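Data block below; observations after.
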Amino acid sequence: MKNDCIQTTMCQERKKDPVEMFHSGQLVKVCAPMVRYSKLAFRTLVRKYSCDLCYTPMIVAADFVRSVKARDSEFTTNQGDCPLIVQFAASDARLLSDAARIVCPYANGIDINCGCPQRWAMAEGYGACIINKPELVQDMVKQVRNQVENPRFSVSIKIRIHDDLTRTVDLCRKAEATGVSWITVHGRTVEERHQPVHYEAIKIIKENMSIPVIANGDIRSLKEAENVWHITGTDGVMVARGLLANPAMFAGYEETPLKCLWDWVDIALELGTPYMCFHQHLMYMMEKITSKQEKRVFNALSSTSAVLDYLTDHYWI
């Protein structure tokens, strides 16, 4: 947690309960937690283009609690970075609650990652394996509620679905009974990667819940977001890769507008974004608007000055 980026005067949005957004009847547009990518600079960019709620990348709670170095590198925020949800990977309720207590002054809530299908995460007892441990989910929610005094601080979970959907509904009901604020459902099982998203399953889960539900999976445009919102009856949609490719998609743009490219340059340079991250985001954003030859040239650039020269020559507005 970098103190130079954390303002003593908190954003006014921080005082609000994010749950209120989900009861507005409007589509709540959410930027997903993305390892390496949904950091402060990118969150700042998507907020300029109609994103309502942002998540940090997944942070391992045990490392965050035990290491100042981990806190400094993994969590950076500022006054305008709100509303904000910090996502943690955890398998220990006490460590999770300690992590929640640390970030409480700087965020609107925490999210428990119960959906990451990567082998390393599941081997550590994190991520998608937790959907098979409803008692652990309940214990983690309870511990955070007991440790964090602010009653408006949200505790949410992000899950994948089971092959047997009744198990997923049971998990969600138990989480709701324990006081979880909302649930984000990625409509695939742990084993599925690029198969079609089971939006019907998300709809069934929503129909069995009284708390807000967010739909997640394969949403690449505002039109698709609105369609999924209507199909599932959920309270919001969460987008990952669609926003990487087009950070302005929630504002209705079909591809990344040039102004968005230059907004990214300004934000990234102002916040001191490392070159590899700065360059990688631009590679994603320019995917649809560059030829193969242009991609080869741009992707081979190795310095900020070279990138700026290239953009000035080809995409100056």
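Residue numbering: from 1, along the chain as shown.
Placed from the backbone N, Cα and C atoms, the Cβ positions cover glycine too.
Remember, TrEMBL labels are computer predictions, not curated facts.
Quick look at what TrEMBL annotates:
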type     : residues                                           : note
ACT_SITE : CYS116                                             : active site, proton donor
BINDING  : PRO33, MET34, VAL35, GLN87, HIS186, ALA240, ARG241 : FMN binding site
DOMAIN   : 31-293                                             : domain 'DUS-like FMN-binding'
Integer average pLDDT (0 to 100) for the domain 'DUS-like FMN-binding' (31-293):
96
Which of HIS186, ALA240, all binding-site residues, has a Cβ with the fewest other Cβ atoms inside 10 Å:
ALA240
MET34, VAL35, CYS116: which of these recorded positions has the highest Cβ count within 10 Å of its own Cβ?
CYS116
Spatial separation of CYS116 (active site, proton donor) from MET34 (FMN binding site) - C-alpha basis, Å:
11
ARG241 (FMN binding site) has how many other Cβ neighbours within 10 Å of its own Cβ?
14
Rounded inter-Cα distance in Å - ALA240 (FMN binding site), the residue listed as 'active site, proton donor':
13
Enter the number of other CB atoms within 10 angstroms of the CB of PRO33 (FMN binding site).
26
For FMN, whose listed binding residues are PRO33, MET34, VAL35, GLN87, HIS186, ALA240, ARG241, the greatest C-alpha pairwise distance in Å:
17
Which residues, sitting 6 or more apart from GLN87 (FMN binding site) on the same chain, put a CB under 8 Å from its CB?
PRO33, TYR55, THR56, PRO57, MET58, ILE59, ILE110, ASP111, ILE112, ASN113, LYS158
Inter-residue Cα distance where the pair is CYS116 (active site, proton donor) and ARG241 (FMN binding site), in Å:
15
